[in-house]
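J.: OK, Swiss-Prot features for this one:
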BINDING   GLY38, GLY39, HIS40, ASP58, PHE82, ASP99, GLN106  S-adenosyl-L-methionine binding site
Amino acid sequence: MNTPWTHTTVLLNEAVEALLSGSTAATGTYVDATFGRGGHARAILARLAPEGRLIAFDKDAEAVAEAARISDARFSIRHQGFRSLGELPDASVAGVLMDLGVSSPQIDNPVRGFSFRFDGPLDMRMDTTRGESVADWLATAELQQIAEVIRDYGEERFAVQIAKAIVARRQERGAISTTSELAELVAGTVKTREPGQNPATRTFQAFRIFINAELEELQQALEASLSVLQPGGRLAVISFHSLEDRIVKQFIARHSKEVYDRRAPFAAPKAMKLRALERIKPSDAEVHGNPRSRSAILRVAERTQEV
């Protein structure tokens, strides 16, 4: 089981196997687009040939510091979000791995403000060196915007009620500044309970996704992968909630079929850019050992010859 400040990599073997196409001595350049605490990266390096390369991305300074512990000339990391994937040369990469969401050390560190389980500043930024925190945003955000964020990114049916409570609290006692304050406010507003779920779960998810522009960055990174992947290169994406998975699923589906131009019905169709391969869920044993893996879905696709 996980303990605070540790991280168990989800779908470790399945993701690396899919990324490397079963190779035990891969020679190409691979990308770990979300380094986190390096579980996937270390497993990839263990299966790279001496001439292989691994480029990692992460916007979290703590993740970059962890990456500095890897002493391997084949490895490099960039302190950037994975939307910067497109800065790599076209058709230069043999595989891209994206492990979406928040790592256990981020969730379990009260200072980061990601979890309602710990009292801490209401921050939630992946990159604490830039941008505004959730607390800063809530101090001035309009009721309608707050409600839309909770509804769209948290899929919360009580979004309007929660937004009204946040604004009322701000007007009466000042803005919310801690995770406990937000969790208690939501618990007092949402009267129904989903079995096994804290009533603040959806609101915390919504604010984290919004403040980090996670879905927009995911869409940009997926599009960039089409450019940087070489023919036969693999795209492997692990998602943890329906919003992420829907984007990944639709992206792969959209690029896995020939496209016809309605304005030129007799013209040859544009070739598909991806070939969908697998959809993998964690085993029962993995979920038992790491409950945080239960919602994970790994989708795998392969770049076609069309570049």
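Glycine too: its Cβ is placed from the backbone N, Cα and C atoms.
Mind mapping these onto the model and telling me what they sit next to?
T.: Neighbours of ASP58 (S-adenosyl-L-methionine binding site), defined as other CB atoms within 10 A of its CB across all chains, total 27.
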J.: Other than its own, how many Cβ atoms are within 10 Å of the Cβ belonging to ASP99 (S-adenosyl-L-methionine binding site)?
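T.: So the number of other Cβ atoms within 10 Å of ASP99 (S-adenosyl-L-methionine binding site) is 25.
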J.: May I ask you to report the DSSP-based helix, strand or coil state of ASP58 (S-adenosyl-L-methionine binding site)?
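T.: SS state of ASP58 (S-adenosyl-L-methionine binding site) = coil.
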